[in-house]
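**Q** One structure is given below, represented as structure tokens, and several questions about it will come after.
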Amino acid sequence: DVTSGQVVDPASQGAADKDAVDPENDFQREMSFYRQAQAAVLEALPRLRKLQVPTRRPDDYFAEMAKSDQQMQKIRQKLKSKQEAMERSERAKQLRAMRKYGKKVQTEILQRRQKEKKNMLNAVKKYQKGLSDKLDFLDEEQTSSQGNKKGSASQWIKKGPNAKRRYKNQKFGFGGKKKGSKWNTKESFNDVSSFRSKVAHNKGPGKGGKKALNKRPGKRARQKMKSRAR
């Protein structure tokens, strides 16, 4: 055991500050304890080395923990749940920021469109009232619409339909109106250029007229034929 008295702070001006530690001041009191313990260690280490007493902890030192495994498992689970809650909160914060940014962009686009529409309406009113004879707003609108169409067309040509769309197009067609697609129109009704009377009445070469037809007899005729065979 090593006992040492109060140690003077080397940063102080002299020994006059030896009793200047205020016991009500936590910082000064703790620093006084720290300096006293440090001086005791510096005094005890040379003695221990002289007596050949080991002062360093070996590498294979094993000390049993004060807390049990069950308590440590509870602490791990609690830390894990806190970490997951923080990750969920961070993801929710990112989603809110993304939605906020998307809403901001959409609002800016709507405001820009409303502004363009308002400017065009003002230009139309001025032209109607005779205050202006310029029709530049029509050219701007036409060029913008053509630019949008060209951009969408080039995008479609560049990307093209995917494999699923191509399979459905091959199986079901390319969309459009299906009902009534085979109805006659006035032009098709009046067009008789493709009509062939011999083909229509089965009188073409090699047909032999109605007698040569391999036509199945009706139900009554078949029943009579069966009754005769019996």
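Note: Cβ is positioned from N, Cα and C throughout, glycine not excepted.
Just so you know, TrEMBL annotations are computer predictions that nobody has curated.
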**Q** To which of the residue ranges 1-23, 24-46 does TrEMBL assign the term region 'Disordered'?
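**A** Of the candidate stretches, TrEMBL labels 1-23 as region 'Disordered'.
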**Q** Count up the helix, strand and coil residues in the compositional bias 'Basic and acidic residues' (81-93) according to DSSP, in that order.
**A** 13 helix, 0 strand, 0 coil
